[in-house]
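Among the features that TrEMBL reports, domain 'ABC transmembrane type-1' is placed at 172-380. Under the heading transmembrane segment, TrEMBL lists 12-35, 175-197, 209-231, 257-281, 315-337, 359-379.
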Amino acid sequence: MRSGLQNRIQEGIYGYLFTLPVIVGVLVFTIIPIFRTFYFSVTNYNPLETQKNLMTVNIQDELLLNRELDPASISDVVSTAANFDMVSFLADDLLLELTDNQKNLIATYFDKTAFFSDLVKGKLNENRELQALIAQYMGSHSKDLFPPYKPLFTGVKNFTRMIGDQYFWISLWNAVQFALVVVTLQTILAILLAVAANSLTGGIQIFKIIYFIPSITSSSAISMIFLMIYFKTGLLNQLLGTFGFEPVDWLNNPATALPAVMAMNIWTTAGYFMITFLAGLKGIPAELYESADIEGAPASTVFWKITVPLLRPQVLYVIVMGTIGCLQVFDQIYYLIPNLRNRTIAYYIYHVGFKYGEMGYASAIAVVLFAIILGITMVQRRFIRESLV
């Protein structure tokens with residue numbers, strides 16, 4: 001009895017050990033970031049604030065440079081120790097932003113004697129983190145000088161800010177347009193490709209490979225290829241020029257930039273979803289098609305009355321996954337579209353968070369995007385599930 005129990009416990013431990021890497025990966029890269037996003041969305045978190053006092057400098061070089069002296073003139077700097085103002089040096093020469101409290105602490109407790117003693121000994125002639133360097137001469141007050149950065153709680157301020165943010169609404173509408181057009185066309189194209197592949201008597205593997213390759217190719221590589229195609233002097237305009245058309249600046253023109261990326265996305269994803277529909281077609285009983293053939297049903301009737309209704313589970317999957325992917329589209333927009341008015345919501349989150357440093361506001365936008373995707377997905381699942389009954 002004990003041996004059997006020990007074996008089961010041991011098997012359970014081994015099982016958890018095998019799954020531990022996956023559990024840790026999901027926890028670190030999915031669950032924790034999700035909770036931190038919700039937390040940051042109600043704060044004014046700015047990652048740049050955590051780095052502003054971590055600049056690395058050679059304090060001796062900075063002192064000599066700002067006084068236009070050579071290294072042999074270090075004694076000239078030391079001679080001005082009595083009149084040296086560390087607050088002015090940090091603020092004016094090193095452009096370090098200091099609060100009034102930090103200025104008062106440095107002015108009161110900074111040990112200039114020890115600082116200039118180390119300067120003469122050459123101890124400051126090396127790259128040092130500025131925050132740690134200043135704290136070294138502050139004694140017991142160093143812990144009060146640079147307290148850990150804590151973002152301020154702002155409540156729903158980030159969410160109410162979106163109401164008046166025109167670029168938020170523009171980027172959201174661009175993402176919705178992108179999803180409506182791409183999901184509709186890629187679903188139709190994927191079904192047609194799957195039906196065509198299913199009707200082939202030979203070469204089906206080659207057919208699938210040709211259309212599936214774009215979906216497993218790096219998105220950045222595909223974007224670079226289409227960048228060359230869409231250039232004003234690119235392949236597409238050269239082709240149109242042979243028919244007498246004027247060249248079009250596809251990616252810089254707000255009227256054509258988003259449709260151009262839509263076309264690329266449809267071409268990229270249709271092959272992947274073709275495989276999904278092809279798997280669904282293989283599950284449709286052949287007897288249904290044989291019966292329709294005996295009855296003399298035309299191909300269009302067979303398609304709409306047999307094929308499409310029995311592919312509804314796959315249609316649900318494709319629409320849901322396609323919508324989620326399109327609302328989050330980023331890399332293709334990042335590589336191809338230079339103007340902000342054609343950017344989508346995912347790119348706007350990146351733009352606000354990483355270019356402007358407003359990670360709290362960017363997190364709030366991400367939470368709204370999450371809620372939109374969740375709501376659309378639930379509605380789609382309910383609507384299509386009811387149509388299956």
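The backbone N, Cα and C atoms fix where each Cβ goes, and this holds for glycine too.
The recorded stretches the transmembrane segment (257-281) and the transmembrane segment (12-35) do not share 3+ CB pairs below 8 A when only pairs 6 or more apart in sequence are counted, and are therefore not in contact. The list of residues near the transmembrane segment (175-197) in space but at least 6 beyond its ends in sequence, with Cβ under 8 angstroms from a Cβ of it, reads 204, 207-208, 211, 258-259, 261-262, 265-266, 269-278, 280-281, 303, 307-308, 311, 315, 318-319, 322-323, 326-327, 329, 344-346.
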